[in-house]
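Participant: Please read through the structure below; I'll follow up with questions.
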Amino acid sequence: MASMSLSFSSSLCSSRIPEGKRRFRHRDVGIVRCVLAASKSSPGSVTKKRLWKDGEFPGITEPVNQRRTPIKNVKKKLDRRSKANGWVNTVTETLSDLIAKKQWLQALEVFDMLREQTFYQPKEGTYMKLLVLLGKSGQPNRAQKLFDEMLEEGLEPTVELYTALLAAYTRSNLIDDAFSILDKMKSFPQCQPDVFTYSTLLKACVDASQFDLVDSLYKEMDERLITPNTVTQNIVLSGYGRVGRFDQMEKVLSDMLVSTACKPDVWTMNIILSVFGNMGKIDMMESWYEKFRNFGIEPETRTFNILIGSYGKKRMYDKMSSVMEYMRKLEFPWTTSTYNNIIEAFADVGDAKNMELTFDQMRSEGMKADTKTFCCLINGYANAGLFHKVISSVQLAAKFEIPENTAFYNAVISACAKADDLIEMERVYIRMKERQCVCDSRTFEIMVEAYEKEGMNDKIYYLEQERQKLMDRTVATKEMENLPAG
């Protein structure tokens, strides 16, 4: 496995390679327009000499300026201004590109560079995008720091900005911190929490199965005369279904059917189908699909993707194919998620041949692969024992500039464990930490299981110590942030 180890390390540690030309059905050409600022007149202008009396001639004569600026110097000034404007556009475009690619660390570095410039003006939209990015990247502490810096720059907080900060904490399951943000919002008249704020907090409580907090939040919303909308109800509906509380789920759904403010929609339909599909209850899933159709709710692309994924997990390939054909018939596009579900179905059973055929078709149709695509490919090749193709998948992901998130590293670590290459597994784990990618419970589970298989109890002990240190650092950081300023 020496060659495999070398390839893995070089693949993950190499710098990003810009994407080559791809074929797309539709290409949008971006046009960058740089506008040169008009030249200002010289402050030391010569006083104009009048050669007429008032009311005679509306003309003037200007004395010749013997020290007129040479044309070449004017051109140099214009070139400098053009380069400056071009630099501004380049930095802002780079920042937008990094945010779109979810590369939070590089985005913060570019943003810090931008803030040091004299022309910089703080904008609420930029902070909003960065706060959302940090929240989705599992960086609530950095989101809080960015929020504080925003206030120092003189920007006024808004409900939307506070909700984005609150969401950053909820995405990392820091519910107590999220409730603290909620309390701060209540203390500012211009930042009173709205239905979106409560929906975000409700989702966190639902995901953590803290349904007692769900009830208290509903009560608080009622006291503040905030009416739950369909999104709010869908969130709670999803939580009840995930933990198998079908009685409560049915009650929420019944309330939605008789409500005038939050009628069930296609998202409600998708949630119910996902609940039963993930549990493998195909009959219930199909039954509810027909019920929602009878309610007048039309399916969308995501609805069909849910059906395809559910059939794929149960290896019901005929029904999976039927749904795909039905999508074509109704002219619903096959999306990245559609292909991911098919690739995942073949990957789970190690069917590398059909997995590759699906991926090739995906690329031939100009469909863009994402992180999940490569996670499925890596898992599929590992399940098939084709570890050299795991390496090529990692290299291809780097070429396509696929974001390397926690799920991606977990897939590579799992592949190393299945190949019994524990040395490379440790290298990937180190690389994961160097990239400041957050390790989750799955990361440690994979490594502990690999060490247990080899009877390496000392490694397990040190790994548990590592996990405890990680938890302690998180707690210490939170405590430091909560210290009073000054």
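A Cβ is built for glycine as well, from the same backbone N, Cα and C atoms used for every other residue.
Grabbed the feature section from Swiss-Prot, which reads as follows:
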TRANSIT   1-36  transit peptide
REPEAT    123-157  repeat 'PPR 1'
REPEAT    158-188  repeat 'PPR 2'
REPEAT    194-228  repeat 'PPR 3'
REPEAT    229-264  repeat 'PPR 4'
REPEAT    265-299  repeat 'PPR 5'
REPEAT    300-334  repeat 'PPR 6'
REPEAT    335-369  repeat 'PPR 7'
REPEAT    370-404  repeat 'PPR 8'
REPEAT    405-439  repeat 'PPR 9'
REPEAT    440-470  repeat 'PPR 10'
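Tell me what's around each of these sites.
Facilitator: Averaged over the repeat 'PPR 1' (123-157), the predicted model reaches a pLDDT of 95.
Within the chain, the repeat 'PPR 2' (158-188) has long-range Cβ neighbours (under 8 A, six or more residues past its boundaries) at 124, 127-128, 131-132, 134-136, 138-140, 143-144, 147, 150, 194, 196-197, 200-201, 203-205, 207-208, 210, 213, 478.
Residues 159, 162-163, 166-167, 169-171, 173, 175, 178-179, 182, 185, 235-236, 238-240, 242-243, 245, 248, 261-262 of the same chain lie 6 or more positions beyond the ends of the repeat 'PPR 3' (194-228) yet place their CB under 8 Å from a CB of it.
Distant neighbours of the repeat 'PPR 4' (229-264): 195, 198-199, 202-203, 205-207, 209, 211, 214, 271-272, 274-276, 279, 292, 295, 297; these residues of the same chain sit at least 6 beyond its ends, with a Cβ under 8 Å from one of its Cβ atoms.
Here the repeat 'PPR 6' (300-334) has, by DSSP, the following mix of helix, strand and coil residues: 26 helix, 0 strand, 9 coil.
Residues in the repeat 'PPR 7' (335-369) partition by DSSP class (helix H, G, I; strand E, B; coil) as 26 helix, 0 strand, 9 coil.
With DSSP states grouped into helix (H, G, I), strand (E, B) and coil, the repeat 'PPR 8' (370-404) comes out at 26 helix, 0 strand, 9 coil.
For the repeat 'PPR 9' (405-439), same-chain residues at least 6 beyond its ends with a Cβ under 8 Å from one of its own Cβ atoms are 1, 4-5, 8-9, 12-13, 102, 105, 137-138, 371-372, 374-375, 378-379, 381-383, 385, 387, 390, 394, 397, 446-447, 449-451, 454, 456, 459, 467, 470.
For the repeat 'PPR 10' (440-470), same-chain residues at least 6 beyond its ends with a Cβ under 8 Å from one of its own Cβ atoms are 406, 409-410, 413-414, 417, 422, 425, 429, 432.
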Participant: Under an 8 Å Cβ to Cβ limit, what residues of the same chain, 6 or more beyond the ends of the repeat 'PPR 1' (123-157), are close to it?
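Facilitator: Same-chain contacts beyond the flanks: 95, 99, 102, 104, 107-108, 111, 164-165, 167-169, 171-172, 174, 177, 188, 190-191, 405-406, 438, 477-478, 481.
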Participant: Under 8 Å between C-beta atoms and at least six residues away from its ends: which parts of the chain pack against the repeat 'PPR 7' (335-369)?
Facilitator: 22-25, 301-302, 304-305, 308-309, 311-313, 315, 317, 320, 324, 327, 376-377, 379-381, 383-386, 389, 400, 402
